[in-house]
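Undergrad: My questions all concern the structure below.
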Amino acid sequence: MITAIAKKIFGTRNDKEIKKYFKRVALINALEGKYSNLSDDELKSEFSKLKVDLLSKKVTKDDILNDVFAIVREVSKRTLNMRHFDVQLIGGMVLNDGRIAEMKTGEGKTLVATLPVVLNAMDEKGVHVVTVNDYLAKRDATQMSEIYNFLGLSVGVILSGEYDDEKRKIAYNSDITYGTNNEFGFDYLRDNMKFEVGQKVQREHNFVIVDEVDSILIDEARTPLIISGPTNRTLDGYIQADVVAKQLVRGEAADPRVPNSKATGDFVVDEKNRTIMITEAGIAKAEKLFGVDNLYNLENAILSHHLDQALKAHNLFEKDVHYVVRDSQVIIVDEFTGRLSEGRRFSEGLHQALEAKEGVKIQEESQTLADITFQNYFRMYSRLSGMTGTAQTEATEFSQIYKLEVISIPTNVPIKRVDRDDLIYKTENEKFKAVIEEIKRSNIKGQPVLVGTASIEKSEIFHKMLVKEKIAHSVLNAKNHEKEAEIIAQAGAKGAVTIATNMAGRGVDIRIDDEVRELGGLYIIGTERHESRRIDNQLRGRAGRQGDPGLSRFYLSLEDSLLRIFGSDKIKAIMDRLGIEEGESIESRLVTRAVENAQKKVESLHFESRKHILEYDDVANEQRKTVYKYRDELLNPDYDLKDKIISNRQDFVKTLLDEVNIFDGGLGDEFDISRLCEVVYGESGTKIDEDEIKGLDYHSLADKVIDKLAKDYDEKMSVIDDEQRKNIEKVLYLQVLDGAWREHLYQMDILKTGIGLRGYNQKDPLTEYKKESYNLFMELVNRLKNESIKTLQIVRFKTEDDENTDRALEKMQDEANLQNKFEKKPARNEPCPCGSGKKYKDCCGKSGPKKGVFA
């Protein structure tokens, strides 16, 4: 209460910041006359002078900001016939300061970005503009390139599916690069799997503007980017677990209010935390069905894991809500955008469990080769900024995790949209009927309606109901997302009815004409509250752009997921007190507040989850940075591994001595020299004469073995020149490093999966994870030292004579195989084994095998 009064008297921090920016806007406006009087060539010349001054460090970016913004505004007027409003200049300054600009729908965020983009591209270190999809990346780059090209700046676009390294390199070397968050992240991971510096496509991470920043840095923060490879593990367990899961019966959790109450059934589902707990009865039943004595024995660990995932697949994941089945494949539906996430798969065997559930071909389990979260990728940039229409609800998270401040930019024209209170019905069916009646009422007078649904399944239900009512409409969901921009752009036409899942065409404007304005503008109907208030605000924000009229309202029921899981007891009590009959609804601020409190509960759960993921990923991130930094050193053409190999060889020999129980301080006569010679030969291919090293003390023995390995190695390397030696050492070392890092990531995945159980032992799982992961990393370092020396010692070079011999042997083998083919006489109608493509009877079968042809 006191805080609210203080804000009214003194103004908020946001208000103070906006006032500061408005003072600078006046200075930029004062320059408008100066630049509008210049010819095109004079304007370009002025910009070039500023760029030269900046590159020669005579001025800073802040010194020239006013002039650059004024020039960009003038160029935009001349090329695009669009003039930046004052509030757009403020948005540009907020982005330039490394903050988040919250700008409502239709305020021209794409044009705002051109201001800081041009200013930060002037130092030639590159600027990245990140969008949520390929369509927006291509559209924004194409539209705004007229401004950039006028000023002599180059523009590149990174699109998914176009993996030509040379083209990508050109795009990244442009002054300005547009692309999606996934492509930027994956290119970073791919670059750190390359074997030459010249093969890398990205350059330094300088300045980035993230469009729809809330979607990318918050909604997708729980989804790491993973490059994976096959594990070659058997897939039978998934089918077996699926059969067992179908026979287990779902029960109810124990009631904490009733003493000694127990969970019923074979397993209990906790929808709030999206987890499943198998009861004692369920464990006994599963053991019987699997035919094992103890499901939780070490040898059955994979079985119990498969069963957990199968139960999740059947009880927590719904077809057409969380995933769709298309072309015999299970494809994830992004819960925030409603789009299909093709190419993305659930990890830890969950995707395979869904494939078993749906009876489609189970694809091989994958192993992580490289991974990173968006949180850690975007924190690599020297300066990170973002823009969106909805960020204030997550301002705390932006501040805590990304050190980003959210500044709300005033609208150019006041918002005229009317947001009505929610209507709540007892059942989902009543709600559906009420929505259809409301659509009919609006449709009769011609007011366009956009209906937002939470899933593909619900959008299909509305589609069928509207078909029954003979109301013409368009459907936009993940199944027909190809026409997204086209469908959304038409949603503001008179009489239009559009059903859309959460995707609702972000970045595409819904324009309305004067006739629709007279009818009250676009009517937004939300059919379910999302877990995040921000997603609801985005749906509302589709109407009322640039001062247009509009209307929005949410229709809810007590059977909606959010209210059922998180908040319906209080609301149900209110409805019972008011004696609400079937088909009736309630509309009150009290209920709307209760719904918002339920959403806040979920948001804080998700925030904790993202924070938790980041805390764990920060541990892995430090290790990732260390490995990638070392990898970059290896790729440096001037880096010589000679000293590193000498040092690693010493550690390698110490490891071999430890293996055969030869320790410092032991008596030379008691050392098992025969075993040592055997191990050295097995691990390095180097033969040592026992008599040469018998009776030596520990240090003399170690030196002798090291010298022998070094002599062998130098002798082998003497057949090639120094440059070739360096290249071979680097390539082999990189291969060993990548293999060791892959194995390390696999071990880290296993560690992360089970670490939560340490909490039952009164230990902090995060502290335990840090300790264990440090130990794993030290194992990685030791493995790298030993494996690299082992590989370098064992490798052998072929002379030209060896190559010729191999080729001759190969040829003889092929001829022998062919002879064998002919000895097993084929049937007359079978294809002829000579490879002609004809039947045997029409070819070699005519007059016996024509051996002369193959001599």
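Glycine is treated like the rest: Cβ placed from N, Cα and C.
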Undergrad: For the ATP site that Swiss-Prot describes with Gln88, Gly106, Glu107, Gly108, Lys109, Thr110, which of these is also annotated: Asp421, Asp422, Asp509?
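TA: Between Asp421, Asp422, Asp509, Swiss-Prot records just one in the ATP site with Gln88, Gly106, Glu107, Gly108, Lys109, Thr110, namely Asp509.
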Undergrad: Determine which residues of this chain, when Gln88, Gly106, Glu107, Gly108, Lys109, Thr110, Asp509 are set aside, have a Cβ within 8 Å of the centroid of the ATP site's Cβ atoms, and list them as they appear in the sequence.
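TA: Nearby residues not in the site list: Met103, Thr105, Leu111, Val112.
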Undergrad: Please work out the number of neighbouring Cβ atoms within 10 Å of the Cβ of Glu107 (ATP binding site), leaving out its own Cβ.
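TA: Here the count is 23.
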Undergrad: Enter the number of other CB atoms within 10 angstroms of the CB of Gly108 (ATP binding site).
TA: 18
Undergrad: What span in Å does the ATP site cover, taken as the longest CA to CA distance among Gln88, Gly106, Glu107, Gly108, Lys109, Thr110, Asp509?
TA: 17
Undergrad: Tell me, if you would, which residue among Gln88, Lys109 (binding-site residues) has the fewest other CB atoms within 10 Å in the structure shown?
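TA: Counting other Cβ atoms within 10 Å of each of the binding-site residues Gln88, Lys109, the minimum falls on Lys109.
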